[in-house]
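**Q** Next up is a structure, given as structure tokens.
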């Protein structure tokens with residue numbers, strides 16, 4: 001299979017509340033990507049009647065811990081194959097070294113990772129957004145101060161080294177996401193318009 005035929009992947013990483021879901025939605029509308037959220041796939045799986053991993057996923061999410069990579073990679077792979085599309089935003093993954101190793105093992109041969117979109121946002125802004133989201137009835141069990149503290153810890157200790165790893169390979173596009181959506185999207189356009197025209 002030539003590289004041109006492999007599905008093209010852009011990882012979207014950032015702290016909880018950095019705007020990953022919202023930004024991805026806008027990229028999908030403007031640039032015809034398929035958005036795959038690792039978190040959404042896991043939440044969907046945990047609510048699927050008779051899922052063999054449902055209870056375990058629920059427990060991990062509640063504790064702000066990262067679900068075992070085999071499960072997440074399996075769900076992502078299934079979603080990519082099922083869609084038959086060629087461009088994907090993979091949001092909230094890989095979140096730690098174990099995720100990265102698992103991805104390399106399971107996926108590196110069948111997809112082509114183009115770059116990492118890093119939404120850089122302060123903890124204060126992220127916390128405020130998540131608490132607002134929770135107050136507006138997001139239905140997410142982890143949009144509360146207790147879970148958020150754990151999630152930020154996990155993010156700093158486990159996800160930041162992954163972003164640094166990709167930075168070392170010259171594969172990170174950093175966007176300041178403390179700002180309003182239109183401001184953020186101006187920067188997104190500068191990254192995605194040339195990318196689309198080249199690919």
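Don't overthink the numbers, they just go from 1 along the chain as shown.
Note that Cβ sites are derived from N, Cα and C of the backbone, with glycine treated the same way.
Automatic, uncurated: that is what TrEMBL annotation is.
Take a look at what TrEMBL says about it:
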BINDING   17, 18, 19, 20, 21, 22, 133, 179  ATP binding site
REGION    37-67  region 'NMPbind'
BINDING   43, 65, 66, 67, 92, 93, 94, 95, 140, 151  ribonucleoside 5'-phosphate binding site
BINDING   99  CMP binding site
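What's the neighbourhood like for these features in this structure?
**A** Cβ neighbours of residue 22 (ATP binding site) (same chain, under 8 Å, six or more residues apart in sequence): 181.
The region 'NMPbind' (37-67): residue composition by secondary structure is 18 helix, 1 strand, 12 coil, according to DSSP.
Under a cutoff of 8 A between CB atoms, and with a sequence separation of 6+ in the same chain, the neighbours of residue 92 (ribonucleoside 5'-phosphate binding site) are 12, 13, 20, 37, 38, 39.
Every protein chain shown contributes to the tally, and the Cβ of residue 99 (CMP binding site) ends up with 22 other Cβ atoms within 10 Å.
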**Q** Restricting to the region 'NMPbind' (37-67), what is the model's mean pLDDT?
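**A** Per the prediction, mean pLDDT sits at 89 for the region 'NMPbind' (37-67).
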**Q** What is the interatomic distance between the Cα atoms of residue 179 (ATP binding site) and residue 140 (ribonucleoside 5'-phosphate binding site), given in whole Å?
**A** 24
**Q** Could you round the CA separation between residue 66 (ribonucleoside 5'-phosphate binding site) and residue 99 (CMP binding site) to a whole angstrom and send it over?
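**A** The Cα atom of residue 66 (ribonucleoside 5'-phosphate binding site) is 9 Å away from the Cα atom of residue 99 (CMP binding site).
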**Q** Please list, in sequence order, the residues in the chain of residue 17 (ATP binding site) that are at least six apart in sequence and whose C-beta is under 8 Å away from its C-beta.
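**A** In sequence order, the residues whose Cβ lies under 8 Å from that of residue 17 (ATP binding site) (at least 6 apart) are 121, 125, 126, 127, 128, 129, 130, 133, 148.
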**Q** Whole-number Å distance between the CA of residue 18 (ATP binding site) and the CA of residue 99 (CMP binding site)?
**A** 20
**Q** If I take the Cα of residue 99 (CMP binding site) as reference, which of the binding-site residues 19, 21, 43, 140 has the closest Cα?
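**A** The answer is 43.
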